[in-house]
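Below is one structure, written out as structure tokens, with a few remarks after it.
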Amino acid sequence: MPVVQRLLLPLNVPDTVIPAPMSERKLLILFGSQTGTAQDAAERISREAKRRHFCCRVEALDNYSVANLITETLVVFVCATTGQGDPPDNMMNFWRFIFRKNLPPSSLCQMDYAVLGLGDSSYPKFNFVAKKLHKRLLQLGGNPLLPVALGDDQHDLGPDAVIDPWLLDLWEKVLALYPLPPGLGIISPDVLLPPRYALHFLDENADDGDQPQQEAARDTPSELHPFAALMVCNQRVTAESHFQDVRLIEFDITGSGMEYSAGDVVMIQPRNSPEDVQQFCQLLRLDPDRRFVLKPSEPDMALPAHLPQPCTIRHLVTHYLDISCVPRRSFFELLSYLSPDELEQEKLQEFSSAQGQEELYSYCNRPRRTTLEALWDFPHTTCVIPPAYLLDLIPRIRPRAFSIASSLLAHPNRIQILMAVVQYKTRLSKPRRGLCSTWLASLRPQHGDVWVPLWVKKGGMKFPAKPDTPVIMIGPGTGVAPFRAAVQERVAQGRKGNCLFFGCRQKSKDFYCQAEWEELVKKGFLTVFTAFSRDQEDKVYVQHRIRENKGLVWDLLSRDNAHIYVAGNAKEMPAGVAEALKTVFHLEGGLSSSEAEEYLAALERSHRFQSETWS
């Protein structure tokens, strides 16, 4: 039966909820997670559910068959909000489906639910996804157990400041509806739960199963089946004397079947450095060449899709375990159970307690201490970690997204990215380095073939289909990457009316693609306004150039129906650009402050104003 038909079936469910017998004490936890925080929270709820003797499943929203939602009686949704109020990648399909207009208001009347949102209050659409989902489930007849919870990254204690009290309320409500069976109590927090997977180590003489598994018929490249692209160029585009190392990197995607348009992104799956892998194995006293097969501890639990079977410890640590991420509270909680050392256990328990979150933030988040470094600090515990708990302890390495900085029309069978190598100082003596950017920057295609696993996905920015529509692009720093793709694409199609505002520190040090822009200006395809913030005493930014060229900007918008795009760092630039635009609307268009605000909002609603920013 088609999915829509199944969800549209009428349901005859009594209004009163009768406490369920043990066989029906099932909890489904569905998460939408971009960086792993929502998944970590979902797994925490699962552990607490198991202590209350629930049969519990945890799944990403897009891995769950949404048609089955009509049969679920108890569901917790954990949803992050990304970008400009967007759902995470792994809940996009669910999101589109749940908002179909033809779903009847009684669809989910048998379901008790709770929604936990994770967001950042520094963004205008704080926890938009969780709020909207909560309302939609209510419209479809769902019975909310609690008001929607709004976790905030900006809080001193992070989202746990909201999650901790919310979970206490949640279990009180859930146990009232689904009481513990007679003779069973809540499993004490002092008791260690079994690992999700068992590692069965293989005999040394068994066949080697740790080779990349090639598909007989190649699928469209995706997260599960990335394409191994040949890196053909890795060129530094900032002056050697400049503080930041920015690379223009090019990949050959011949034979991949991948296509993309301006505004799309390439996802790259990074790996840990051999040095870090070696350190990790030494700390945990693991033989990197030892091979194992994973077995789930519960019959309906899926195996991790990204790991070959069998697998070596080296492959697991290199390609899967994110030993360079900042560890979460759950990491210390599990370590505290495993610790044989009284002093280390005491500190681990403090870090995993509600009262110790400020101390944990100071130890972990503020200095951006890595998981590997934290393991160094607890040597007596680290050396006795059972390998079976590794997948519970450390999350998997997540792919990184980069705006594509090229057009297939200008560079057939190629993808280019403009990448800043992430490196910064904290109070720790060793500089902090971005996992993916450091790995990519270290690759030397001139010394031999280098292959990088990647795939393409649709981006948030869409450029106008009508050929005569002008575009105003505001992209300081590496924010210019998607606009380079757009300019190349539009020039190849013979489109003029391309206006770019670009900003950087110094013309001589970080003016990306300077020769390319100057050539296009000569040919009449491009107008460029530059802001070199440190080339004079007073700092000049793109928002200053927008105000200076207010007449042109207003004419393009009001007379020529131009589309306007902003990309770059989310810290202060987007707000500065928005204020500059409202000044233009006021001075050139004669709009009042409130009218200028509404004009910008109307441009956003009609997709004539689009932004893509990152922190």
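Glycine is treated like the rest: Cβ placed from N, Cα and C.
Per TrEMBL, domain 'Flavodoxin-like' is recorded for 27-171.
Per TrEMBL, FMN binding site is recorded for 33-38, 80-83, 118-127, Asp153.
Residues or ranges marked as domain 'FAD-binding FR-type' by TrEMBL: 224-464.
For Arg368, Arg400, Ala401, Phe402, Ser403, Gly434, Leu435, Cys436, Ser437, Trp614, the entry in TrEMBL reads FAD binding site. For Ser437 (FAD binding site), the Cβ neighbour count at a 10 Å cut-off comes to 22, with all displayed protein chains included.
Positions annotated as NADP(+) binding site by TrEMBL: Thr478, Ser533, Arg534, Lys539, Val540, Tyr541, Val542, Gln543. Around the Cβ of Gln543 (NADP(+) binding site), a 10 Å sphere holds 24 further Cβ atoms from the protein chains shown.
Distance between Cα atoms for Tyr541 (NADP(+) binding site) and Ser437 (FAD binding site): 26 Å, as a whole number. The domain 'Flavodoxin-like' (27-171) scores a mean pLDDT of 93 in the predicted structure. Long-range C-beta contacts of Tyr123 (FMN binding site), restricted to its own chain and to partners at least six residues apart, with a cutoff below 8 Å, comprise Thr81, Gln84, Gly85, Ala570. Thr478 (NADP(+) binding site) is surrounded by 25 other CB atoms, counting those within 10 A of its CB over all protein chains shown. Spacing of Arg534 (NADP(+) binding site) relative to Gly36 (FMN binding site) is 37 Å (Cα to Cα, whole number). If you measure from the Cα atom of Gln543 (NADP(+) binding site) to that of Gly36 (FMN binding site), you get 34 Å.
Spacing of Ala401 (FAD binding site) relative to Gly83 (FMN binding site) is 12 Å (Cα to Cα, whole number).
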